[in-house]
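A.B. asks: Have a look at this one before I ask anything.
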Amino acid sequence: MEPGNQTSVSEFLLLGFSQDSEQQPILFGLFLSMFVVTVLGNLLIILAVISDSHLHTPMYFFLSNLSFADICFTSTTIPKMLVNIQTQRKSITFAGCITQMYFFMVFGSMDTFLLTVMAYDRLVAICHPLHYSVIMNPRLCGLLALVSWLISLTYSLIQSLLMLRLSFCTNWVIQHFYCELAQALTLACSDTLINYILLYMVTGFLGIVPFSGILFSYTQIVSSILRIPSANGKCKAFSTCASHLSVVSLFYGTGLGVYLSTDSSSWRGMVASVMYTVVTPMLNPFIYSLRNRDIRRALQKVLGRTLYVQ
């Protein structure tokens with residue numbers, strides 16, 4: 001296409017779930033309540049880990065990182081959607097769209113890496129309990145978290161910079177509730193080959209490598225648990241990783257629903273995206289607090305202290 005026929009896009013239109021004005025208040029109330037629950041639930045997990053010295057362990061260090069990533073992951077999409085519903089405007093600036101994509105990829109990638117690191121932590125705790133404190137030392141934990149952040153930030157930055165080089169046609173409509181990268185690429189008039197190559201390579205990497213690491217970890221964990229002679233010992237060992245296994249199943253189950261969807265702009269595709277970007281981060285604190293007595297005790301202390309101050 002000739003440069004003269006290309007248009008410099010200033011904003012995109014996010015169509016969202018419904019054009020019906022009567023449904024907008026329902027959608028606003030639903031997503032606002034889910035967003036508030038997500039932020040408060042994950043914030044309580046972070047405060048509980050910080051305030052209780054008994055939770056200053058590798059497992060809870062990574063859990064607090066996961067809660068922080070979940071808060072940010074949800075905050076990249078829902079507030080803008082709520083503003084658009086409230087103001088009856090569906091536009092997002094080009095810079096805002098690129099920024100939303102960037103942070104969405106950063107925190108989505110962080111969730112993937114943190115769940116993998118947490119699986120390794122459970123592997124060491126169950127298969128090598130006597131050497132746990134030596135292997136999972138503060139230096140290694142910090143290094144694993146730092147590498148996860150660096151990879152996520154670097155990939156997201158490269159993908160965002162590649163988006164800036166594209167020219168867009170007159171169709172600026174994204175049939176989703178946030179700036180979804182794959183859909184934005186379909187609107188480009190210029191060559192997107194490099195973008196698609198990077199997208200598929202990294203999506204495959206982030207999907208296959210971490211999942212393989214989690215699968216390997218749990219294969220070793222199950223094998224180790226089966227060798228425990230007493231039934232009580234088996235139950236106790238399994239309970240230490242049950243919460244993490246539940247979160248992994250929820251995260252990858254909903255994530256596969258998004259990426260295996262034939263049309264992400266369809267109603268079914270957007271519902272799958274909500275499960276992946278909103279429902280999963282909202283349920284994670286409940287899964288960990290309901291199945292973990294240490295977290296419950298710490299939360300009771302935090303809530304009790306808050307009520308006492310008030």
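Keep in mind that glycine also has a Cβ here, set from the backbone N, Cα and C atoms.
TrEMBL entries are annotated by machine, without manual review.
Straight from TrEMBL, here's the annotation block:
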type	residues	note
TRANSMEM	26-50	transmembrane segment
DOMAIN	41-288	domain 'G-protein coupled receptors family 1 profile'
TRANSMEM	62-82	transmembrane segment
TRANSMEM	102-120	transmembrane segment
TRANSMEM	140-158	transmembrane segment
TRANSMEM	193-216	transmembrane segment
TRANSMEM	237-260	transmembrane segment
TRANSMEM	266-287	transmembrane segment
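Describe each of these features in terms of where it is and what it packs against.
C.D. replies: Long-range neighbours of the transmembrane segment (62-82) within the same chain, counting only residues 6 or more positions beyond its ends whose Cβ lies under 8 Å from a Cβ of the stretch, are 14, 16, 28, 31-32, 34-35, 38-39, 42-43, 45-46, 49-50, 92, 96, 100, 103-104, 106-108, 110-111, 114-115, 117-118, 121, 141, 144-145, 177-178, 247, 277-278, 280-282, 284-285, 288.
Within its own chain, the transmembrane segment (140-158) has Cβ neighbours under 8 Å at 58, 61-62, 65, 101-103, 105-107, 109-110, 113-114, 117, 120, 198, 202, counting only residues six or more beyond its boundaries.
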A.B. asks: Look at every Cβ pair spanning the transmembrane segment (266-287) and the transmembrane segment (193-216), keep those 6 or more apart in sequence, and say whether at least 3 of them are under 8 Å.
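C.D. replies: These two stretches do not touch.
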A.B. asks: Can you give me the average pLDDT across the domain 'G-protein coupled receptors family 1 profile' (41-288), rounded to a whole number?
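C.D. replies: Averaged over the domain 'G-protein coupled receptors family 1 profile' (41-288), the predicted model reaches a pLDDT of 86.
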A.B. asks: Hey, which bits of the same chain come close to the transmembrane segment (237-260), Cβ under 8 Å, at least six residues off its ends?
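C.D. replies: Result: 66, 111-112, 115, 118-119, 122, 125-126, 203, 207, 211, 214, 218, 221, 224-225, 228, 269, 272-273, 275-276, 279-280, 283-284, 287-288, 291-292.
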